[in-house]
Amino acid sequence: ENYSKGKNVEEPMSKDNIPIPDLPSNFIWMQVGAGSKMRNLLGYAMKAFKNEKAIVWSGSGAAISKTISCAEIMKRNNRQIHQITKICYRKVEEYWEPQLEDLDRLVVEREVPTIHILLSKDSLNTAELGYQAPGSFDAFWKSKEGTSDKRKRSGNSKRNTKSNLSPEEFAALGLRTSQKHSSSKPKQNTERTVYVDVPESSKENAEVTNS
C-alpha cells in the first residue's frame, strides 16, 4: 500500500549470452517478444533462412510458447534441419517507489525463464544435451493430427449410433422411442344430436299423411 510500481530493468540478451556451444559465426537471431506477431516473424525468417545456414529463436517469459511455435513451423517447412534447445534464466530488477518519505526504494530481483532454439542446415553435435535430429518433429505433428482425427471419429460415432432394440423392448425398459405415436385419447364426436319434442297430435297427423 505504501509503494507504487516503478520501472523494470531486464538483463539484455546478447549473442555471448546464448548458452549453446559451438555457435556458427554467422546466423539469424530472432528475438521473440510477448506482443510479436508470428506472421511477421516467420515471414522475415523464411526469406532470410534461404541465404543462411543457421537461425536462433530466443524468447523469455510469456513469449516462450510463441518462440517454440515459430521454430516448429520452420522445421515443418525445412525437413532436413538439426536442432539444439537450451533453457536458461534472465535477471529482471523491479523497482518499487515509496509513497512515504521515511521509506526507502525497494528493488526486487526475479529470474525469468528463457529458451534458445538453434536450427541448422549443417549437422550438429549429436551428443549435446537438447539435440534433435531431422524429422523428429514428425511425431509431434502426427500426434496432433491423430488426436483431432480421433475426436472427429468419436463425435461421428456418437451421432451415428443407433439402437437395435425393438419398441417392445424399449417399453419393457421403461424407455420411449423417438417414433411419433397417435394420441391414446379417443377422438371426440364432432356431430351434435338434437332432440325435439313432438306433440302427440303432430304424430297422428304424420301417420295419416304417410298412410
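Cβ from N, Cα, C; glycine included.
Features reported for this protein in TrEMBL:
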type     : residues : note
COMPBIAS : 150-161  : compositional bias 'Basic residues'
COMPBIAS : 200-211  : compositional bias 'Basic and acidic residues'
DOMAIN   : 29-89    : domain 'DNA/RNA-binding protein Alba-like'
REGION   : 142-211  : region 'Disordered'
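Sorting the domain 'DNA/RNA-binding protein Alba-like' (29-89) by DSSP state (H, G, I as helix; E, B as strand; all else coil) yields 29 helix, 19 strand, 13 coil.
Here the domain 'DNA/RNA-binding protein Alba-like' (29-89) has a mean pLDDT of 94 out of 100.
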